[in-house]
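Here's what TrEMBL has on this protein:
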| type | residues | note |
| --- | --- | --- |
| DOMAIN | 20-451 | domain 'Major facilitator superfamily (MFS) profile' |
| TRANSMEM | 21-45 | transmembrane segment |
| TRANSMEM | 61-81 | transmembrane segment |
| TRANSMEM | 88-106 | transmembrane segment |
| TRANSMEM | 112-139 | transmembrane segment |
| TRANSMEM | 146-165 | transmembrane segment |
| TRANSMEM | 177-196 | transmembrane segment |
| REGION | 206-238 | region 'Disordered' |
| COMPBIAS | 211-222 | compositional bias 'Basic and acidic residues' |
| TRANSMEM | 266-287 | transmembrane segment |
| TRANSMEM | 299-319 | transmembrane segment |
| TRANSMEM | 331-351 | transmembrane segment |
| TRANSMEM | 357-379 | transmembrane segment |
| TRANSMEM | 391-410 | transmembrane segment |
| TRANSMEM | 422-445 | transmembrane segment |
| COMPBIAS | 465-481 | compositional bias 'Polar residues' |
| REGION | 465-490 | region 'Disordered' |
Amino acid sequence: MSQGEAAGRGTAKPQDRGWAWMVLLAAVLLQGLTLGFPSCIGVFFTDLQHEFQASKSQTSWFPSIMVAVLHGGGPLCSILVKRFGCRFVVMLGGLLSGLGMVSSSFCQSISQLYLTAGLITGLGSCFSFQAGVTVLGYYFVRWRTLANAVASTGVSLGFTLWPLLSQYLLDEMGWRNTFLIFGGILLNCCVCGAIMRPIQLASGSLPQSAKPEEEPGSRAEEAQLSNGASPHHPTLQQHTRRTKCFQVLQKYLAFDIFCQNKGYQIYTIGVTWMMMGFALPHVFLVPYAIHNRVEERKAALLISVIGFINIFIRPFTGLLSGHRVFTGRRIYLFSLAVLLCGLSNFICVISAEFSVLILYCVILSIAMSGVGALTFQVLMDVVEMDRFSSALGLFTILESITLLIGPPLTGLLVDITSDFHYVFYNSSFFLISAALFMGLSFCALEKKNKLREASKVHLDNPSRYQYSETSTEPKAENQSPPAAEYITSV
């Protein structure tokens, strides 16, 4: 019996107390080890570029692949969690992450780094992070919002500590030995996974994931069998395979929601476009500072400043946005945070002095905390919770594509022009345009929905907009109200 099946049996209910808080502590550490880890890659950017004689565009593919796989491996992680349980997937992710970084220390070309540190470590981080977030939903019910807010501080801790540790180890023993040590550190994800023991819920039935999912295909097969078709007939087998494939896509990649739900459509397109510029400062800020003669230790400190401020601002932003005053308005807060991210990039264009870059990091960190705290909350606002997991699958796949291609394209532009300012011009363009697109589109959608609701009120309560007298003559049930009534609402 798999862990996923074990989670649906038994009567013990340790939610919100006891061991749940140990699981929360493990989740904080997990997010620091996984989501926080790519923040240190910029520290090695110049050394890797010189080591492999690679261009900025070629070097930036390495962190791009890592971050893209970290976000885009969600559907695969969901399948593994349903089959084997969260604990197994977190520990598998830890093994992959450690193996990827240990292998990276022996790489002889930048393309080998794409496979080891990019693909293997990125996929391992994805498994550990997403399974670790999923298990919080089982251990916390009453305090779930608080638990997620506290767990997100792990990302900020990672942003703070990884660059400082990276710069220290790089100065002391070089990038190869540093990657080897990183492999050992990432193996601690396995320890965190061991803490996340399967929870037994008070339910006498199998969980949803254990129920048969081939019913539509089975029904189609039965229908054809009743018409005399053989179960081994090639046409029937091909039809069954297509049906099962469609079911998997429907479950993990919600194309139907994307086509029917305008809010989800706008938000997904906006965030996907935003990600073209969102990751650029994290990849190029340290090389930009070093290029402008900022000391390497000080340059690494810039990313740590972003993470340190996030430790305090991100949980506060998450809890504040959960207040009922912001219900239905979180998308506008999110758009405002994205807009501030875009505008803050112009500070780097004005000057590359260390004090100015510190100011930039402070403002960027405040804006980033809003983006990080609201990304999934807004998605929950626009999608029904029973389809959230499948909507999240498509959402992460699309944003991972732009996360993958954004930094290399910008690196290519910098290689051609030899001007680092294009990093921040590009980032600002994508962030500001995405913020305006989402904010204005949701505003127009909200007005359209209000007009539609007002029209429904007219149809449901025509007496409010007509004379108070009622006719004694019976009306035909299929008679429509006068056309004028559709346009009298304000």
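Start at 1 and count along the chain as shown; that gives each residue its number.
Note that Cβ sites are derived from N, Cα and C of the backbone, with glycine treated the same way.
Whatever TrEMBL says is automated annotation, not expert-curated.
Highest Cβ contact count with the transmembrane segment (266-287) among the listed stretches 21-45, 61-81, 88-106, 422-445 falls to 422-445 (criterion: pairs under 8 Å). As a whole-number mean, the pLDDT of the domain 'Major facilitator superfamily (MFS) profile' (20-451) in this prediction is 84.
Two recorded stretches are said to be in contact when at least 3 C-beta pairs lie under 8 angstroms, sequence spacing 6 or more; the transmembrane segment (331-351) and the transmembrane segment (357-379) meet this definition. Within the chain carrying the transmembrane segment (299-319), a Cβ under 8 angstroms from the stretch's Cβ atoms is held by residues 36, 39-40, 42-43, 145-146, 148-150, 152-153, 155-164, 166-167, 282, 285-286, 289-290, 357-358, 361-362, 364-366, 368-370, 372-374, 377, all 6 or more beyond its ends. Listed by sequence, the residues of this chain that lie at least six past the ends of the transmembrane segment (88-106) yet keep a Cβ under 8 A from its Cβ atoms are 3, 30, 33-34, 77, 80-81, 112-113, 116-117, 119-129, 131-132, 135, 176-177, 179-180, 182-184, 186-194, 196.
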